[in-house]
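Participant: First the structure, then my questions, so here it is.
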Amino acid sequence: MFFMDSKNLFKKAAELIKSSQKTMVLTGAGISTESGIPDFRSPGTGLWENMDPTEVLSTKVLFNSPEEFYRVGFKILSSMRNAEPNEAHYILSEMEKEGIIAGVITQNIDNLHQKAGSKKVYEVHGNTREGSCLRCGEKVSFELLEEKVAKEEIPPRCDRCGGMLRPDVVLFGDPMPHAFDLALKEVQESDLLIVIGSSLVVAPVNFLPGMVDGLIIINATETPYDYKADVVIREKASYALRNIWNLIKS
């Protein structure tokens, strides 16, 4: 790991990215804080400092207390949908367009990478665009879930079969989606991973940094993989990416 001032860290990161044969990016909640979405674990500001996620956004609550899930947990999910991408999201989209990165793996469910124009996005924790019927599998829009909840249809029911609807978000207790298998393959084929805004404590996504030779971490707080990283940058995502991207283009 390199201990340098920010200017030299940006330079080192840019050099690693330019020399990489295939670079993937892994993003966590920290990339979206500048869009007004609270992250989950930062001291003093983390969303889970005030509530237990396993008691709010879990399959246990969804199945055993669906009313509680839709009155508390669902509101958290719904609140993320009004956010807009910030500079960091747009830079990653531009980097993908220019062939500098191969794609983005995200732990986020806020859809901001797609809003910013990123094409190859692996949403390993699901999304807030769709929902599904637990009985017949019918796909519905997240907007329909919101409409039903707003009309006090709690839990919301499938118009086709009457089964309970749920958002297509990976809850605590859910298996990982197919997107994770695809993301895993991408990382195994890469020689560099850029981690942005993730504390790297949530399994199994936190295994990914150990599968590549090159590692850049941009995060506000320490991670368990700092010791392995070639570069660790303690700056806001947009500021760090702006400087790195300018160096790559120069």
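Just so it is clear, glycine is given a Cβ too, placed from its N, Cα and C backbone atoms.
These came from Swiss-Prot, pasted as-is:
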| type | residues | note |
| --- | --- | --- |
| ACT_SITE | HIS125 | active site, proton acceptor |
| BINDING | ALA29, THR33, PHE40, ARG41, GLN107, ILE109, ASP110, HIS125, SER198, SER199, ASN219 | NAD(+) binding site |
| BINDING | PHE40, ILE109, ASP110 | nicotinamide binding site |
| BINDING | CYS133, CYS136, CYS158, CYS161 | Zn(2+) binding site |
| DOMAIN | 4-250 | domain 'Deacetylase sirtuin-type' |
Participant: May I ask for the distance between CYS161 (Zn(2+) binding site) and GLN107 (NAD(+) binding site), taken between their Cα atoms and rounded to an integer number of Å?
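Facilitator: CYS161 (Zn(2+) binding site) to GLN107 (NAD(+) binding site), Cα-Cα distance: 32 Å.
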Participant: According to DSSP, which kind of secondary structure is CYS133 (Zn(2+) binding site) found in, if we only use helix, strand and coil?
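Facilitator: SS state of CYS133 (Zn(2+) binding site) = strand.
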Participant: Using the structure shown, find which entry in ALA29, ILE109, CYS133, CYS158, CYS161 (the binding-site residues) has the sparsest Cβ neighbourhood within 10 Å.
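Facilitator: Relative to the other binding-site residues in ALA29, ILE109, CYS133, CYS158, CYS161, CYS161 has the fewest Cβ atoms within 10 Å.
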Participant: Calculate the distance in Å between the alpha carbons (Cα) of ALA29 (NAD(+) binding site) and ILE109 (nicotinamide binding site), and round it to a whole number.
Facilitator: 9
Participant: Counting every protein chain present, what is the number of Cβ atoms, excluding its own, within 10 Å of the Cβ of SER198 (NAD(+) binding site)?
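Facilitator: SER198 (NAD(+) binding site): 29 neighbouring Cβ atoms within 10 Å.
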Participant: In this structure, which of the binding-site residues GLN107, ASN219 has the fewest other Cβ atoms within 10 Å of its Cβ?
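Facilitator: Lowest Cβ count within 10 Å among the binding-site residues (GLN107, ASN219) is GLN107.
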Participant: Around the Zn(2+) site recorded as CYS133, CYS136, CYS158, CYS161, what other same-chain residues have a C-beta within 8 angstroms of the site's C-beta center?
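Facilitator: Output for this site, in sequence order: LEU134, ARG135, GLY137, GLU138, ASP159, ARG160, GLY162, GLY163, LEU165.
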Participant: Which binding-site residues (ILE109, CYS136, CYS158, SER198) fall within 10 Å of the residue listed as 'active site, proton acceptor' by Cα distance?
Facilitator: ILE109
Participant: Using a 10 Å cut-off, grab the number of neighbouring Cβ atoms around the Cβ of ASP110 (NAD(+) binding site), all chains included.
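Facilitator: There are 25 of them.
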Participant: Which is it, of HIS125, CYS136: the one of these recorded positions whose Cβ has the most other Cβ atoms within 10 Å?
Facilitator: HIS125
Participant: Limited to the domain 'Deacetylase sirtuin-type' (4-250), I'd like the whole-number average of pLDDT.
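Facilitator: Taking every residue of the domain 'Deacetylase sirtuin-type' (4-250) together, the mean pLDDT is 94.
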Participant: Considering Cα atoms only, can you say which of GLN107, ILE109, ASN219 is the nearest neighbour of CYS158 (Zn(2+) binding site) among these binding-site residues?
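Facilitator: Checked the binding-site residues GLN107, ILE109, ASN219; minimum Cα distance to CYS158 (Zn(2+) binding site) goes to ILE109.
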Participant: Whole-number Å distance between the CA of ILE109 (nicotinamide binding site) and the CA of CYS136 (Zn(2+) binding site)?
Facilitator: 24
Participant: Can you give me the Cα-Cα distance between SER198 (NAD(+) binding site) and CYS136 (Zn(2+) binding site) in Å, rounded to a whole number?
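Facilitator: Rounded to the nearest whole number, the Cα-Cα distance is 35 Å.
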